[in-house]
Every structure is written in C-alpha cells, then in structure tokens.
Amino acid sequence: MLDHTRAPELNIDLDLHASNSPKGSMKGNQFKEQDPCPPQPMQGLGKGDKREEQGLGPEPSAPRQPTEEEEALIEFHRSYRELFQFFCNNTTIHGAIRLVCSKHNRMKTAFWAVLWLCTFGMMYWQFALLFEEYLSYPVSLNINLNSDKLVFPAVTVCTLNPYRYTEIKEELEELDRITEQTLFDLYKYNSSYTRQAGARRRSSRDLLGAFPHPLQRLRTPPPPYSGRTARSGSSSVRDNNPQVDRKDWKIGFQLCNQNKSDCFYQTYSSGVDAVREWYRFHYINILSRLSDTSPALEEEALGNFIFTCRFNQAPCNQANYSKFHHPMYGNCYTFNDKNNSNLWMSSMPGVNNGLSLTLRTEQNDFIPLLSTVTGARVMVHGQDEPAFMDDGGFNLRPGVETSISMRKEALDSLGGNYGDCTENGSDVPVKNLYPSKYTQQVCIHSCFQENMIKKCGCAYIFYPKPKGVEFCDYRKQSSWGYCYYKLQGAFSLDSLGCFSKCRKPCSVINYKLSAGYSRWPSVKSQDWIFEMLSLQNNYTINNKRNGVAKLNIFFKELNYKTNSESPSVTMVSLLSNLGSQWSLWFGSSVLSVVEMAELIFDLLVITLLMLLRRFRSRYWSPGRGARGAREVASTPASSFPSRFCPHPTSPPPSLPQQGMTPPLALTAPPPAYATLGPSAPPLDSAAPDCSACALAAL
C-alpha cells in the first residue's frame, strides 16, 4: 500500500525533472558561450603537468601516477596507517585482523591491541631464553656400556732404590760424610761408632768447603703481638749450639742469585724433611755431571729385580718390557709399552688372566738419605703415555701380595665452544718435550721445563731437555738453586700460567684401580717358595719376608664404560623450539615470519622516503623560485601546453570598463603543494583552474 502511494510521487519527480532539463541545458549552453573555460575546482596540477619547486635548478617532471589499469614494478604504501591496515587485513598471523575489524568499537580495539602486544612480548621473551640456552653451549653426557676384548695397559715398576753409579760414587760418599756430620751437629746423631766427635768436627771443616749451601739453623720470627723486634737469626751448623729441639727453630739452607744481591732461606720445620731436601739438591747436581743419565745398568738382567713374570699364564720375555732410570725411584721397567710389537690383549677377566710379578725388594746398595721407604713403586698408564711416578704411582709393601683390579673408562669431550679441551695438543702454546702423545701432565711438565730453561739457563734433571741445553749444576750455574725454588713457588701458584695453558685432551682413557692386600707367602709355604725362588734365579734371599713382594694386575670385567658428550641444544632443536613457540602464541608458520620481515622492510622504506622528502624541503635553495617566476612571466600564454588549459584561448569579448582595474597577468602557476604529501592527487583533480586559464589568456 505504501508502494502505491510512493509511485505517483516518483513519477511527479521525474516529470519535474523532465520539464526542468531543457532549461538547465539552456543555461549550460549560455554559460559555454560566455565563458571559454568552464569552472573547475582547483585540486592541483593534472596528470602530466610539470611542477615547479624551489631548488637550485630546473627539476625533472614528476613521474606519472599509475592508473587503475596499470601497476608499477615496485610500490610502497603512502602512510603508516595504510600499511598497517593492509598488513592486518592480509596477514596470516592470528589476532592481527582484530585490530582493524573492530575500529568502530574502541574498547575492543584497545583490548585486542594490548592482548596482541602482550602475546608478542611473551613470545620474544621465550625466544630470548631459547637463544640464551643455545649460546651457553650446554652438553649432554651419554653413557654407553661396551663389552669386548681389551688391550692391556702399560705397567711401570720401579725399585725404589736410587742407584750409585760408578762414575759419581766417590762424590756420593763424600756427600754422605757431610750429611752425617750435619746430623751430628744438629741432633748429636752418631752414625759411625768408629769416629769420635772431635775427629768428626775436624773433618767436617774440610768437607763443607767442597759443597756450597750448607744447612743452617734459623730462628723463626716472633709473633707480631709479642712486642719484640723481628729478626732473622741464622747460624751455621758448625757452631757449638745446643741440639735443635725447640719449636722456634727451623732448618734450611741459603740460596742467592748470581751477584748475591738477593738471598733467601729454604727452610723446613721438620729436620728430616730439611736433611732429605738438602741431600736431594746436592744429589741432583752430582747426577747431572754424568755424560748419560741412563747408562747401562749394573743390574745385569731383569731377574735381579723381577723373579717371575707371567701374563695370561705365559712367561714374559725381554721383548715385553723396556727400562729407564729415575733419579729418585731407581731402575724402572715398563711392560707392554708402545715399543712392544705385540700388545697384550685380555679376553677374560680375573687374576689368572692378567700380569703377575714377583719382585725383589732388598736394598743392598741403598741410599738411606735419599729414599726412606722400601718395596717397589708401580703405575698403570696408557701405551703412548710416559710414566709420571711422582703423580700417579703407588708403593708396594714387602711381604705382601697386592692384587689390583682394573676397570676401563673412556671419556670423549667436546671442544670448541662446548668445552676447553684439545684434540692432539697442536693448538696448545707449549712444546711437547716428551716422545709421546699429548696429555695434560706432559704439557705441564714441558711448560715448567720451558720456563726453567728460559729463566735459569739450564734444564731440570727430572724432565727431558731439548738439544743443546745442559742439566743444572751449581758448578756451572751457581744460582740455579735460587732460580729453581723461586720458579717452583710461582709454578705452585700458577703464576707461570702452565695450568691455564695446558688444556685437557678431548679423548682420555682412564683405568679405575682398586687394590687388595694379603700376607705373602704364608707361614706354612714361605720355606719352599723362597727355596724355589733362590734356585730359579741363582740368588740367595737374606731377609725372606722383607725381600720379596708379589703383584697381580688384571681386569675386573671386560665391560667398559664410555662417557661421550653431545650438544644438548643443536641448531635443529633450536629451530624446532622457536617454531613451537611461534605456533603456540600466534598459530603461524615460517611464511608469517616472512610477512613480519616484509612489514619491517616497508616501515623502513616509508620512513626513509619521508626523511628524504623533509630533507629536500628544508635544505633546497630558495633562490630557484624567483628565477622560475621570471621565466614563466616571460613565456607567452600561447606557449602553455594544451593540457594546462584544454580550451582554446580567445580575447575577451569586451575590454574592461573605464575606471576598473585591469586584472593582473598570472606570472607563474600556483605551487603544487598537493604533490608534497605522501599521497597522489585524485584522478578527478587533473582539470585546470578556469581562472588561471583566463588570466593566462590575457
């Protein structure tokens, strides 16, 4: 019913429109006849028009704006708002579209904006934690249990009996006499009943002149609270002083540098330690005078020290061992070392499937002031590793059977960023002086010897020396003792940097040892055992129980453990964790990350273009505008392009009336301010200004 009432009204409007249309058409025709250029709203220059801007010279025309039908190769958004709206409408990131779809509800927009930003922050906080964990380079320890035939390790056994070489036997006897005199003067100890005290003192005056650095008695400084003036008292042992039995006295010997400008006392609170160290210091000097520190040993055969040797129930031979001499531990024998052509293999565990030795522990040519223990010293190590008897060995007790069971363990560590280890020592700044592979102990001892040669001018006899370097002897290097003890103190404090330079190897094989002891031989069996050993080795055992010791070394089991390190967080796991966090917080994929990168790139480009436009507008020369105005003023109106005024210009129908001010001619087109913005003018604003056309025609 409402439709019927509205239909006539619509027809009436159409009729009125029809009746008015001729009139409007007529007015339009009259307007065209009076004005050669119809009025158009001024929106800036049209497409293709040249713009005049301030500058140093004429500027090329602006590129023509693309129409709806054509598209440029590279396009950027005109504003941040347009870029943001395009991103939110087209991205695959969840929640971004909620920032623009609810723009008419500011509360929802604010809620989603805060939620989106919080989610974004939480995700990147998790990213930071993941990267922090990855850059800490954590490792995982993998433990594997393997079972196979095992290579038997090298075993080194020493006699604990420093040998008296024939070449230096007289000097050692002289040192013994000086030491006896020192013990008598300090402790009234009379070791030779055939000598009287007076004769002993007279001989000591002659003997002490042959050896420098005599032992002295030193008074310790008083406590600081006693109020007494501290003084470093010292007296020679040649003085008739009471026996050293007071706690405020120490025993030591003086060491000085080359020009005697600096001296110190190497002191000990125990007289036993002081005498042993003093004797050891002189023994090293005497031993360094040998032309060869490893001469042919006077123990003619292996049987003089080792009565029996069996491995896997088979007897040993000379091809299974090598020998060397240690300054403190005497003659040493290494079984199954790298020089052995056929390394021993263990295919069964147990005491009967290992190495069994019966050792002689008598000390017929013993140096009592140098070694105070009896028995033997043993060490288990790898085939290509030197035997550091001071660091890893232990003593065997005479009259006891020592059974040592072994378990092999291998450790493979990661180097580089994951750990401070070296593969073969080639990247360690210390030269290896040992004819063996790199180990941390080899590096540390080589480092000390290197510093000893550099600072003291000679080599320490306990470590290998390079070619062309002599061992230290105070007859040639009078101050080497001063230098050595100073260097030893710096070495203990790691002032030399040896412990920091020498890194552990990445691959290490260790042998875990556990020892068991039992009395051997028993009371019932000792008679026939000692008799058989004497007949077999053509040697009479004087002190039966204290003259022999037995050693058994075997694998407890053939299962060995391998501890290997692996990266806990790899690049693959890092990317997986990052993707999991991205999917958790935004439910997106890798392409969404590319969209984010594209957004950041567009933001940077828009910012750069805006800064460049502002820079040009601020620092462009203002003199160009006046010159441009004069150039346009001198240009005839007929020379304007047709697109600037599309209708042909003609003189006005009548001159202006008298008394009226004639219109001024337009000397320059108006500045195109609309072109300074980031957005292009609309398409319908390309029509020229009618008034401008008319004035230009004048």
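Including glycine, each Cβ sits where the backbone N, Cα and C put it.
What Swiss-Prot records as N-linked glycosylation site, among Asn90, Asn190, is residue Asn190. In Swiss-Prot, the feature N-linked glycosylation site is assigned, of Asn89, Asn320, to Asn320; the remaining candidates carry no such note in the record.
Looking at the candidates Cys456, Cys458, Swiss-Prot gives Cys458 as the cysteine bonded to Cys472 by a disulfide. Annotation in Swiss-Prot places Cys447 in a disulphide bond whose other cysteine, of Cys483, Cys498, Cys506, is Cys498. Cross-referencing 314-318, 379-383, 669-673 with Swiss-Prot places the feature motif 'PY motif' at 669-673. According to Swiss-Prot, the cysteine that forms a disulfide bond with Cys332, out of Cys158, Cys483, Cys502, Cys506, is Cys158. Between the listed glycosylation sites, namely Asn259, Asn339, the fewest other CB atoms within 10 angstroms of a CB are found at Asn259. In this structure, the CA atom of Asn339 (N-linked glycosylation site) is 8 Å away from the CA atom of Asn320 (N-linked glycosylation site). Proximity of Asn424 (N-linked glycosylation site) to non-local residues of its own chain (separation of 6 or more, Cβ distance below 8 Å) is seen for Lys437, Tyr438, Pro505, given in sequence order.
Other C-beta atoms found within 10 angstroms of the C-beta of Asn320 (N-linked glycosylation site) number 23, with every protein chain shown included. With respect to their backbone Cα atoms, Asn320 (N-linked glycosylation site) and Asn259 (N-linked glycosylation site) stand 52 Å from each other.
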